[in-house]
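Reviewing the structure listed below.
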Amino acid sequence: MRENIFRQMERGLTPRMASSRGTAQVALSVIAMSLTIIAVFLPVTFSGGITGIIFSSFGVTVASAMAISLVEAFTLAPMLSAYFFKQKKVDNPAASHATEDEHEELLDEANEDPGLMGRVYQRLLEWSLRHRIVVVGITVGVLVLSVVVASGLKFSFFPEQDTGEFAIGFSPPPGTALVETDKLARQAEAIIGADPDVRAVLTNVSDANGSFAIRLHEGASTKEVQDRIRPQLNFLPTLVLASQTVQGTSTDISGRDIQLSVQSTRSPAELLPILQQLQTDAGTVEGLVDIDSTFKPGKAELQIHIDPSRAGDLGYTNQDIASSVRAMVSGERATTFRQNGEDTDIFVRLQPGDRTSVEQVQQISVPTSSGSVPLASLARVELTAGPTTIRRYDRLNQVLIGANVVGRNVTEVQTEMQAALDRYAIPDDVQVTFAGFAATQNEGFTTLLIAMALSVLFVYMVLASQFGSFTQPFVIMMAMPFSFIGAFLALRMRGLDLDIIGMIGLIMLLGLVVKNSILMVDFANRLRTAGMEKHPALAVAGAVRLRPILMTTIALVAGSIPSAIG
C-alpha cells in the first residue's frame, strides 16, 4: 500500500491525492492478498492431532496479524502517508495533467519510465512473450528438475536435536540376582566413563534392569559417542540406547523410534511365534537396533485349571477352591496376639517345603461337607512363566515391538518395514500396525497434506470471488509449484530432511507467491480494461509491480537468513 502511494508521489501528486489514488488502485489486490494468506493458514490452524497442536498458535497468529494489517492498510497507512510524506519535485508533475478518467490515468502511468530495473525486466518479459515455446520448455525443465530434487529428499517429523545427553538401559533375564545385575552395571559404567567425551554417568540398578543417564562435554556429538560405545556394550542383555534420558524402566518401548503394535484375541504367549518372526524380519532392515518387545516371560508361577464338571459334581465353585488354596499357600489370619499394647496378626499356612512344587500343591486338601479331597481330583496344576504385564487396547491383547534407528532416516526405515509387513502373511485374527511416534508421524503428515490441499482450495475460492473469474485464479496459482524449487534445492545442498518446520516454510511460500501473483495480475487486468493489448499489459504490469514484489520478498528472505544459518 505505502509503496504504491509513494510511487504516485514520484509522479508528482500531492501526498493527500497520492494517498487517495494509491489506496484505491491496489485496494482489490490488498484485500485478495490478505484473504489468501488467511485462507492458507486457516485449515492448518483447525487441524486435529499433533499437527493441530503444533500449528494452531502459529496459524492463529498469522491470520490475526493479516487481519489487523488489512485494517491498517486502509486506515493508518493512507492517513500517515498524507500527513507525513513530503511533496516531491518533478519536471513534469502528474498533478498538472491529472484527469478524472481512471483509464486514461492508468495508460499515462503505464507509459512512464519504470526505472532501470523495471526497463530491463520489461524487455525480458516482452522477449518471453514473443518466445513462449522456449519459456514453456525451460519452465517444464525446471519443474522436472524440482521433482528430481524432491524425490531425493528424506522426510522426518521433527528435526534432530543434540542435547548432549542420552541414556543406556539393559534388562537381565528374569530371576537374575541383584548381585549379578550390579556386576554387569559396574563393568558397563567403567566402559562408558572411559570415553573422553563423557562428562558424567548416573547409574541405577534394580532386580529387573539397569540404566545409565549420560551427560557429554559441551560440543561432543551424541551420535558419535553412541557409535563408539555400542559395540563395547554388546555383553549387556537387551541393550537399549536412547537419544534422551530414560524415564522409568530401561526396557520401555514407548520411547523407541519405530514401534509396531500387534493386537489379537490370542494370549501373548500364543502370539510369540508371530512376535519372533516380526523381530527377526526387523533385524534384517539396515539401521534398526535395540529390537525388543513388551512381551516378557516373567517369573515362574503355578497355574490351576479347574475342571468345572468335576467341581460341580462335588458342589464346589471356583471361588471355593481358590479360597482353600489361598489359605494353604498365602495363609489365613487365625487370631491376634496382644503384647505390650500392640496387636500382631497370626497367619496359618503350610510350611514352605510343602507348597513349592506342583506335586505338593496338587496334594492340598480341599474341605467338603463329608471330609476333604486333594486338589488334583478337581483341577490340573501347571508350572508356567506368566507375563509380567498384560497390555489391552480396544478390548484386544496388545504386544508392542520397538526398535531404534541408527544411521538412517526414520521415515525411510518405516517405509521399508511397511513393505516387509505387506509381504508377511499375517493371520486374519492378528492386527499389526505402526504405533507410538511412527503412528503419530503418519497421522501428522496425512493431516498436514489434507490441510494444504484445503488451503489451495480456499485460496482458489477467494481469488475466484475477488476477480470474478474461474480461470484467472489458475493463472495466479500456477506459480505455487515453482515456489518449492528453491526450498527443495536448499535442503538438498545442506543435506537436511524435510520436516515439520520445513512444511511451515512451504506454507509461507505458498502465501508469498500467491501474493506476488495477485499484484501483477490485478494491475494487468486494470490495464486491459483501460484498453491496452494483452502482451503489453503483462509486460508493463510486471515492470510496475516489480519494486513492491522485490521489497516484500527480500524482506522475508532477509528475516529468515539468521534462522537458516542458525
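Backbone N, Cα and C atoms are what each Cβ position is placed from, and that goes for glycine too.
Here is what TrEMBL records for this protein:
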- 26-46: transmembrane segment (TRANSMEM)
- 52-85: transmembrane segment (TRANSMEM)
- 133-153: transmembrane segment (TRANSMEM)
- 444-463: transmembrane segment (TRANSMEM)
- 475-494: transmembrane segment (TRANSMEM)
- 500-523: transmembrane segment (TRANSMEM)
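The transmembrane segment (133-153) is in contact with the transmembrane segment (475-494), judged by 3+ CB-CB distances under 8 Å for residue pairs 6 or more apart in sequence. Touching of the transmembrane segment (26-46) and the transmembrane segment (475-494) is ruled out by the presence of fewer than three CB pairs under 8 A, sequence neighbours closer than 6 excluded. Only residues 6 or more beyond the boundaries of the transmembrane segment (444-463), in the same chain, are considered here, and those with a CB under 8 A from a CB of the stretch are 32, 35-36, 39-44, 47-52, 54-55, 155, 157, 472-474, 476-477, 480, 500, 503, 506-507, 510, 514, 518.
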